[in-house]
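Features of the protein shown, as given by TrEMBL:
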- 454-478: transmembrane segment (TRANSMEM)
- 455-719: domain 'G-protein coupled receptors family 3 profile' (DOMAIN)
- 493-514: transmembrane segment (TRANSMEM)
- 526-549: transmembrane segment (TRANSMEM)
- 570-588: transmembrane segment (TRANSMEM)
- 616-637: transmembrane segment (TRANSMEM)
- 649-669: transmembrane segment (TRANSMEM)
- 681-705: transmembrane segment (TRANSMEM)
Amino acid sequence: ISPSLIGDKVLFCFVFICQGYFINADELQLSHAMVFAIEEINNNTELLPGIRLGYQIYDSCASVSMTVHLAFQFLNSLDLVFHTGKNCSQSGMVMAVVGESGSTPSISIFFRTIPSDQFQAAALAKLIKHFDWTWIGAVRSDSDYGNNGIASFLEKVADAVVVVAFASSGDMKILFEELSREPFPPRQWIGSESWVTNPGLRKYSFLAGTIGFGIQKSVIPGFRNFLLNLSFAQVAVSPLLTEFWEDSFNCTIKESNSAGKKVCNGTEDIKTLQTPYTDTSQLRISNMVYKAVYAIAHAIHNALCQGRNVTKVNFSRNGYDVSFDTNGDPVAIYELVNWQKTMAGITDIVTVGLYDASLPEGQEFQINKNIIWMEGSTKVPVSVCSGSCPPGTRKVLQKGKPICCYDCTACPEGEISNTTGKVKCLSVHVKCFYDANLDTCIPKPIEFLSFQDILGIILATFSVLGACLTIITTAIFLRHRTSPIVRANNSELSFLLLISLTLCFLCSITFIGAPSEWSCMLRHTAFGITFVLCISCVLGKTIVVLMAFKARLPGSNVMKWFGPPQQRMTVMSFTFIQVLICTIWLVLSPPFPIKNLTAYKEKIILECALGSAVGFWAVLGYIGLLAAFCFVLAVLARKLPDNFNEAKLITFSMLIFCAVWITFIPAYVSSPGKFTVVVEIFAILASSFGLIMCIFAPKCFIILFKPEKNTKKHVLSKN
């Protein structure tokens, strides 16, 4: 369109195609909505200044062929006569077409003021998902529009995992009346099609119970007065209006065609009519026509007055924004309407919410009123083939049935489902255990031998008592270090043995408490080294006893080969070997803390892993080797003829020591969890108490309670 053509006499044509074999009050109101919008625009000094719009109204007679015929007339640029709202007419080209209210004839029109059916198909699918319906039926009209609509709808609900039990064609009015047994809503809500679109077209919806979508209600200021200002003079010159007037007032304009009817004389009052033509309470479709005319006017204004693309239409009218995307679709905004029965028993259409496709995903629906379902219930009806599987169960599809038909089976052992409708149970995390309902993963408590446990307190108490007893014994020996009984039993090795026993008692405390990297390494190495030191001292004392009796033989000088320096060297050598074993163990594969998740189902055991089992058993094996060697020597020396033969005491102590550690091995291997640590501590304490009680208790008894026997004569006398 060239801007040079702009002028007072340039006219543009709107052709509104209304349908019907007889005059229809709904269609008449829609055509007058177009006329009203055109007159507003012609009187507007800002929109299309200097340009007047005209219009021509055609009746397609509800015929697709007639609509196509008219469309070809427009495309071939045949001259038409335009009505401008004044007493003039002029030939010109058709610049725009406002389509009819039937869907199938208007399917090829791209730009529209009613949102695309794809939007409504998506909205309906989301509505079904919103109410958790998975088992539905769909009804469509047997037409192009119904077929396309049902195809889009089925595609959308398939993505929402909804099973359509049936999708048939039929008369929705008959179906609804059969289902609800209620008076059917007005035609502007339900018709013969599933849904339709295009400027001024009626909007129909699939129904979900008694709820559906509708175009937003609108208010067109001044439109009602425009409709009611229809004069008898206008009617007399318009065949279309003449038919409406005659049908509405049951009279005839021409007296010759009266056929018994009264003659219309102009006294009829249109304000008294109760017809769809005068009903402006819910201007939904009429507003679509109104906005369509304004959209075309703004497109022409953009092209002629501003030089912009005609497709870039964006304006506001009566509080509503109008714009189109690249596909020619407006923003999809629908009212969610509910058919509710009033106190008077009349079915009324109530807006209960809004659907706005421009909002973020999941926020499109805004339901702000209670929805009344069948029989006055406010509870959302359930529409499923199978109910949701409760927590603790999973879905198992029924053979030969749709995916929404399933059985609920309990989760197998070791698995849970903590929400409803699970298809697959979840494996229980190793740090959790499941409850009896198989729906909750309860964190397992962490267990270790702590100082707060009864066992921990008892063992720690005995460890401290043993250490205290050893210190007291040491003090007694220091106090009586010059006495014969102390000197006769190698006091240097005795004091070293007492020190090592004190360390043995105290090292058992390192086994109590939460394992850490350092405590795991310390507890095993400290135990191994102190016990070897202890057994080395006992072994040294046993060798001294044997050497002492051999030294009494004539010509023997054995003692000079095993004097105090050799005794100290023996103890240090045996102990160094254990230190070397522990060092290699710590360097190559040291003990470390772990969480034992398999010992118990309901708890986690915090313990020390050995790191290298070879290292651990090498430490124990070396202690056992020294103890066995010491035990053999003590047995050989037990019958030597001294009144106080320490070898007898050593024999008993080694017998206890070996018995404890021989029974320790199976008990240690078979004890679960923290009881492994308990067995280890018990073995340390039992063997330590055996040594101090067998070797030192008799001597302390003589020193404290039998001082008369603490003489050189008594110690050296034979039995």
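Heads up, the Cβ atoms here are built off N, Cα and C, so glycines get one too.
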Residue numbers, six or more beyond the limits of the transmembrane segment (681-705), whose CB comes under 8 Å of its CB atoms: 459, 462-463, 466, 469-470, 473, 476-477, 480, 483, 485-486, 489, 494, 497-498, 501, 504-505, 507-508, 511-512, 527, 531, 534, 538, 646, 649-650, 652-653, 656-657, 660-661, 664, 668
Chain residues in Cβ proximity to the transmembrane segment (570-588) (below 8 Å; excluding those fewer than six residues from its ends, i.e. six or more beyond): 493, 496, 521, 524-525, 528-529, 532-533, 535-537, 539-540, 543, 611-612, 615-616, 618-619, 622-623, 626
The transmembrane segment (616-637) versus listed stretches 454-478, 493-514, 526-549, 649-669: most Cβ pairs under 8 Å: 526-549
PLDDT averaged over every residue in the domain 'G-protein coupled receptors family 3 profile' (455-719): 83
